[in-house]
Amino acid sequence: MRQPTFAALSLLLVAPSLVAAVPHDSTSTSTSTSTRSPSYDPDSTAAHDTTTPHTPPSPWRRLSEAIIRRIGSLPHENHLQKSMLALATGPSSRAPGKQWVAHYGGDVVLRFKMQTADEARALSQAAATLFLDVWEFNEDWADIRLAKDVLPSLLGLLPRSLHASYEPLMQDAALVQAIFDTYPSSSASPSHNTNRFSPNLRPSPHHANGHPFFQDYQPLSVIDPWMSLMSSMFTTHVRKINIGISYEGRDIPALRVGVHPTNKDEPTKPRKTVLITAGLHAREWISTSTVNYLAWSVINAYGKDREITHLLEKFDFVFVPTLNPDGYVYTWETDRLWRKNRQPTSLRFCHGIDLDRSFPYQWNGDQMGSNPCSESFAGDAPFEGVESQRFADWARNETESNNVEFVGLLDLHSYSQQILYPYSYSCHDEPPSLEDLEELGLGLAKAIRISRKGHTYKVTSACEGNVAFANKEKTVLPRIESSGGSALDFFYHELRVKYSYQIKLRDTGNYGFLLPKEEIIPTGEEMLDAVLYLGRFMLGEVGWARRRSRSRWSAPDRGTGDFDEAEQVAIEL
């Protein structure tokens, strides 16, 4: 890989000293945020609106944007002329060339609508038999990508009732163009593709504005130095950490954001921490960009926004933009639609393990079949996926050795606009804190929908969000693919993270994993509203803390095994 230029590295190295010489708004943090204003309204949208459209950007903001533009202009890897990024950024035209057509031109994405158990079972078996790429599925439909010349074979395995129950979502030139457009273009202006429209995607006024880092999807070679920059520029409340090492030897970087108490006379309680993760599935780029947007928004708002400042004083937030760095790099260099990690399997020509099927809780890779060529291959044993085990080991070490208590998990994925709570492995077993999970989930969905005119997200269990139902009584139809061994269930059940959610971001299928880059900021904005609502909920400003808890949940055993007073005796208004 070509390395960053000396000038760029020098800029990164001197950035902290340059920033130190710039007057910061956060210098007044210790006095201005220690006491919350009497007029503070935790439910007010304006309370966390940090935008000031008529105010010139501060010097540190201009400096950070200049550095980020420099990072973003660095050359990327193009070994053996196989880099997909080089193909996207090389030509001045925004039309895909022959290489793109040869790679994806024969594919089609079809949406099947199932009504009966026989139809669901037949589609599930056919997808497994033909090694098809199942993009998404829920109670209404299943989206499957396949080569067009495989379609006759697929229909031959399906009942006749399904022969007329599918429709193409993307095919031929449209699919190739959608893939091509997700890569950045060195020649395109920020307003590129302003006329793109989908019935499920409202045109956004934000696509040509805002931070330059979020005008495009970014490769890992840009994300990593950007994270280092954030840590260097905001030393009071940001620290870059390493979750672990991937199979191919890459770091799994994260940003820990929070302000720790300085009073050493009082015993230090376990630091309540919220995990916000993305990228378990490599091709879900919007999840990675959204985590970066959330981190940037929270980091920049500290000392300026009362609500976010208060949250960072009470909680740590750990932002992990990609838990699957090897797979993510592969989507930039070779195959945009790659899903799994990149470790070898028992079949030399079939690489990768589905990291979100590799966790040990209710792992069922042996029951679902062990086919390394499957997109949802769970490995031959629990934790065979290297990155899954590294993530779990890090989290356990945090709780056992570093005085951390994980109180929330938001694991971002795409697509289908759903907020999913445990369990994923079963539609029949109920989590002990079901009512609290449902209540908070509905609150998150409402915060997304109303605060910034966001989209509608469905709230349900992860199992019910990933199966089809035969009727209104929810007779569960056969699964399209396994949902055992998920990160969601593992963190909820094994690490006792009470508020654990998997959130599937925009859209509902018109673009699927190929969400236009113009939707990065709008998606980030609506998720920021969800994160702020989560914070209010955990602080007791909305939801469960206004009345007595109804759940059967038992807290992690940290000596006494009890909740603290605010949690154990909820306030009734």
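Placed from the backbone N, Cα and C atoms, the Cβ positions cover glycine too.
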According to Swiss-Prot, which candidate in HIS163, HIS211, HIS413 joins HIS281, GLU284 at the Zn(2+) site: HIS413
Swiss-Prot annotation, disulfide partner of CYS373 among CYS350, CYS427: CYS350
Spatially closest candidate among HIS281, GLU284, ASN397, HIS413, the listed recorded positions, to ARG357 (substrate binding site) (Cα to Cα): HIS281
Cβ-centroid neighbours of Zn(2+) site HIS281, GLU284, HIS413, 8 Å, sequence order: ALA278, GLY279, LEU280, ALA282, ARG283, SER287, ARG339, ASP356, LEU412, SER414, LYS504, PHE513
Nonlocal neighbours by CB distance (under 8 Å) for HIS281 (Zn(2+) binding site), same chain, sequence gap 6 or more: SER287, ASN324, GLY327, ARG339, LYS340, ASP354, LEU355, ASP356, HIS413
Binding-site residues (ARG357, HIS413), the one with most neighbouring Cβ atoms at 10 Å: ARG357
Rounded to the nearest Å - Cα separation of GLU284 (Zn(2+) binding site) and ASN397 (N-linked glycosylation site): 28
ARG339 (substrate binding site): tally of other CB atoms within 10 A of its CB: 25
Segment-level pLDDT (mean, integer) for the domain 'Peptidase M14' (216-538): 93
